[in-house]
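Per TrEMBL, the feature NADP(+) binding site maps to Gly163, Arg164, Ser165. For 4-118, the entry in TrEMBL reads domain 'Tetrahydrofolate dehydrogenase/cyclohydrolase catalytic'. According to TrEMBL, the domain 'Tetrahydrofolate dehydrogenase/cyclohydrolase NAD(P)-binding' annotation covers 137-277.
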Amino acid sequence: MAIIDGKALAEKMQADLKTKTDKLIKKGITPGLVVILVGEDSASQVYVKNKERVANNLGFNSVVRRVEETISEADLLKIINQYNLDSQFHGILVQLPLPKHIDEEKVLLTIDPQKDVDGFHPLNMGKLWEGNPLMIPSTPAGIMEMFKEYNVDLTGKNAVIVGRSNIVGKPMAALLLQENATVTITHSKTKDLKDVTKQADILVVAIGVGHFITADFVKNGAVVIDVGMNRNGEGKLIGDVKFDEVSEVASLITPVPGGVGPMTITMLMEQTYQAAWRTIND
Ligand code: NDP
């Protein structure tokens, strides 16, 4: 068994990205990323701070636009539209979740698809399923980089995804399909889940239930990717996969922390860079 070191890969990719960014800045384009944070959700604050730190390290023009929890939907859409028109910003991200009075769908539809670095706009989702992606959601994009780095050949493999969210499960399926895997998406209504996951050469788990996947869900020699981020009773970060026992069965596995997480933020920056690059190369 080998462990996929997401932290090391993220550091390597960020170093490469810094070099590319320096070159782009010399050509007069500084990648610009604005993160819009509505309200005071504590988990969101941490995510946004991390994004800001990495963007700054890379030399991006990084702005966090904080708005009151009580902002009206119309005012939020107006702010997004301002950034859509502002050529200094190549990436716009609205941190989710949003307060209940704001319609998430409307917000995502308002972001210019060319600047939608999260890849959640329906146009970007559609392009991804067409096999012609523009912006790809960062978490599955990071997982694809891991497969590349660790020479995981996906062609003809049985890939099983547990979880069907728009941000992880569904785009993951599209990307695996594009690389010629045979893809199955499972969810909370799937019957005999274990029988399905046992068929997986590649198992991607994104459910948000700590240590749900135990060794008896996993085929010998499978590649196991754990997207989950959960807090256990002691407040420790744990994955959806019970690492200690699944690592005995898997051929390759991601840890939590230090697996998928660091790659997600790196891919967000990569997409911002790509969006900036396209402004002079497309
Ligand atoms: P969602 O809550 O949006 O989706 C969870 C999915 O898991 C749903 O499709 C749900 O099924 C399915 N599910 C829940 N329980 C079970 C079960 N017992 N058996 C089978 N399927 C089940 O979650 P996200 O996709 O947003 O996130 C999943 C996890 O990944 C979370 O822990 C989150 O924190 C983490 N995450 C980590 C990221 C990172 O960068 N490391 C990035 C994004 C998420 P149904 O649709 O039927 O309800």
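Cβ coordinates are placed from backbone N, Cα and C, and glycine is handled just like the others.
Curation does not apply to TrEMBL; its annotations are automatic.
Fair warning: this is a prediction, and the values are worked out from it, not measured in the lab.
Mapped onto this structure are the features recorded in TrEMBL.
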| residue | record | contacts (Cβ under 8 Å, 6+ apart) |
| --- | --- | --- |
| Gly163 | NADP(+) binding site | Gly169, Thr186, His187, Val205, Ala206, Ile207, Gly208, Val227 |
| Arg164 | NADP(+) binding site | Lys170, Ile185, Thr186, His187 |
| Ser165 | NADP(+) binding site | Ala206 |
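Secondary structure by DSSP for the domain 'Tetrahydrofolate dehydrogenase/cyclohydrolase NAD(P)-binding' (137-277): 52 helix, 26 strand, 63 coil. Compute the center of the Cβ atoms of Gly163, Arg164, Ser165, which mark the site for NADP(+); besides them, the chain residues with Cβ within 8 Å of that center are Ile161, Val162, Asn166, Val168, Gly169, Lys170, Ile185, His187, Ala206, Ile207. When the domain 'Tetrahydrofolate dehydrogenase/cyclohydrolase catalytic' (4-118) is classified with DSSP, helix, strand and coil residues number 60 helix, 19 strand, 36 coil.
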